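For reference, the structure is listed below as structure tokens.
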Amino acid sequence: MHSVIHTASRLVVKVGSSLVTNDGKGLDRVALARWAAEIAELKRRGKEVVLVSSGAIAEGCQRLGWSRRPKAVHELQAAAAVGQMGLAQAYETEFREHGLKTAQVLLTHEDLADRTRYLNARSTLTALLALNVVPIINENDTVVTDEIRFGDNDTLGALVTNLIEADALVILTDQRGLYTADPRKNPNAQFVHEAEAGDPALEEMAGGAGSSVGTGGMYTKIVAAKRAARSGAATVIASGREQNVLSRLADGEGIGTQLVAPTTRMAARKQWLADHLKLTGRLVLDAGAAVAVREKHTSLLPIGVIGVEGDFLRGEAVACVDETGHEVARGLVNYSSDEARLIMKKPTRALEETLGYLVEPELIHRDNMVTL
Ligand SMILES: Nc1ncnc2c1ncn2[C@@H]1O[C@H](COP(=O)(O)OP(=O)(O)O)[C@@H](O)[C@H]1O
Ligand SMILES: N[C@@H](CCC(=O)OP(=O)(O)O)C(=O)O
């Protein structure tokens, strides 16, 4: 069996607390150095990689001299703020060894639930990838309370996978992958090589968190795979302690548990747009733009828009119609209706002068649009 990572060109790699902090003993610099070397190798092979790393709370507890993980949210937040400094420093140093720059991105649940912030997070991450920078993501623990926490970084990894429409999510943990039962408790547990993400039988197999430093256990990884599949991404759960795990996966070796997505990315995107979009306005396209969007699936530029109807904000969903009123596509706009009225019919070079700033050259990016 071949690894789905072999063909993936955009990847999210998630490393859990137990690995990053060597079971709570403080940052495992040797492990961090290994992943940096491996990610550098994937990038040399032309893959784009985003790293989601846990470990801030465990590292913070270590730095503060706390032997046990606190229960109070404010103490966890304080530990995360202290520990995140260590994480960022360590990754920056290790990636620099390979001539790579890193960027710290701290996200909350609300950032991904709000359309405008969602688009902003997405454009920042895509810009960083285009600049060949490795984004390193964690939850912004300082500003979240229990009710709105991702809680575990498996969920965060899956949402980032959806956000940037990655081809695959690689969850590195302290086990080889998924077993039919928790191998720490059941020595007869069988290894699962491949399954379909979202198969309810998987949830039965996954117990709670196995280690004292991690939070999610295998259950959150299975749910993460199901979420990642919503945007058509496959998930691999593998051991972060395995030598050259990422490059071996990229070579096509079928290590770890591979959870394949039942839907393709395009079908998933269409479904998502169809399910979630409440249309708040319409853009009328000239004949050229209507053909380009419908037949070549291009982004929509302001120059091709001859009318703006309704009141909408950046990030809201609008319909794109041709001059006869026939719907051609729908998508998320980069500009509000007021801005769109000012820039319609104008070439890209005139946008900055008209508005005094430039958000993006496209009115709707092709990645945020489905043609009908
Ligand atoms: N079916 C299962 N297969 C493998 N591991 C399981 C299973 N059920 C529970 N686990 C436990 O999940 C743990 C990994 O989760 P966790 O400690 O949260 O790691 P991380 O910090 O990497 O997110 C394993 O060490 C294991 O004990
Ligand atoms: N934001 C937290 C990560 C939460 C967490 O422990 O996640 P996980 O690696 O899934 O067990 C931290 O950096 O400590």
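Cβ atoms here come from the backbone N, Cα and C positions, even for glycine.
Summary of the site annotation: TrEMBL records substrate binding at Asp141, Asn153. Screening the candidates Ser53, Ser54, Ser239 against this entry identifies Ser54 as the one listed for that site. Cβ atoms within 8 Å of the centroid of the Cβ atoms of Ser54, Asp141, Asn153 (the substrate site) belong to the same-chain residues Ser17, Ser53, Gly55, Ala56, Ile57, Ala80, Asn138, Glu139, Phe150, Asp152, Leu156, site residues excluded. Those residues noted as binding substrate (Ser54, Asp141, Asn153) have their most widely separated CA atoms at a distance of 11 Å. Each residue contributes its Cα atom, and for Asp141 (substrate binding site) and Met218 (ATP binding site) those atoms are 22 Å apart.
For Asn153 (substrate binding site), other Cβ atoms within 10 Å of its Cβ number 28.
Counting only the Cα atoms, the space from Asn153 (substrate binding site) to Thr220 (ATP binding site) is about 9 angstrom. Ranking the binding-site residues Ser54, Thr220 by how many Cβ atoms sit within 10 Å of each one's Cβ puts Ser54 at the top.
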